[in-house]
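As structure tokens, the structure follows; a few thoughts come after it.
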């Protein structure tokens, strides 16, 4: 493959495969609050938090690390207690304060808007000074305040995303032939980190390959959604998507060959496809990205592990997956996400053994067309978020 494509793919991977503590949108809020640089939170008179509906959904009922709490309020409080240098690991090593939560609760106003990822924090202190921050479009794109961005974390611009979207599956396969050492280390870290999330049995109903895959994947998701103080390697800014894109393949390797070279290449291919699917749609949407995007990554990764570089098998598996799960809604980050990932595991694994034809519904002719069709449906579901947020907002929590 030519150098320009290799350089682009490497940059994308370094930007889109990152470590996160807790649900990514919880980290987003905490990071945004910490950027306001409030030295004395008890001096606050008013906090205005504005979120896009997708971010609101994902924080509403999810656990916040090192707080023992769930939802928006502890995410804000944790942001006051964390160090902004930790970014999406903002809750690392914090000591939670119930007194600060009680104080903050009376000062917090929340507004939800439509649109892509958006998190604005405006804080007025008792001297009348306004402190503010704004993160938009992706979880690390800080617009306010202006900060010097580290070279390694330079965000991907729209032109680079378009170039990546124009790549073919064959380009990703060619990248596997000569993986840069830094990317091998990144994949190894991802495998190690996400394997460590497997604690206990969330959904254990057997010992066959699929049952093990479901149990390992759902157990990791459950740990993350309950707010355990354990990091996950996120893919395309989503920890659950990272879990869905990696753990089915890691489990399959454990149950079959234990081949580290095949595992690294298959997990890497899954991550590349997951990012590709995300760039074709969006980071957050009304459709469950963990299943539709992380699931498509898992499908192609599993097919690579089982069948090697067989383009016909990739297309067949993508068609079968597209005939199954796309359209499942995203109603926010929560323990129930683990069950959606269980469905994703079943759909991904069964796609290895059945070939659904192009004539079925939204099924495309090949991998690329399947991704495009799923993305089109995802974008068309945009208005659903308003109804989902309305239903969630009426709950007594």
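Keep in mind that glycine also has a Cβ here, set from the backbone N, Cα and C atoms.
The annotation active site, proton acceptor is assigned in Swiss-Prot to 23. Marked as [4Fe-4S] cluster binding site by Swiss-Prot on the basis of similarity to another entry: 288, 330, 337.
A gap of 14 Å separates the Cα atoms of residue 330 ([4Fe-4S] cluster binding site) and the residue listed as 'active site, proton acceptor'. Put simply, the residue listed as 'active site, proton acceptor' is 14 Å from residue 288 ([4Fe-4S] cluster binding site) when counted between their Cα atoms. Annotation for residue 337 ([4Fe-4S] cluster binding site): same-chain Cβ neighbours under 8 Å, separated by at least 6 residues, are 221, 225, 240, 290. Around residue 23 (active site, proton acceptor), the same-chain residues six or more apart in sequence whose CB sits under 8 Å from its CB are 58, 59, 62, 63, 224, 225, 239, 240, 333, listed in sequence order. Counted within 10 Å of its Cβ, the other Cβ atoms near residue 288 ([4Fe-4S] cluster binding site) come to 26, all protein chains included. Those residues of the chain, other than 288, 330, 337, with a C-beta within 8 angstroms of the mean position of the [4Fe-4S] cluster site C-beta atoms are 240, 289, 290, 291, 328, 329, 331, 332, 333, 340.
Packing around residue 330 ([4Fe-4S] cluster binding site) is summarised by its Cβ count: 24 other Cβ atoms lie within 10 angstroms of its Cβ, all protein chains included.
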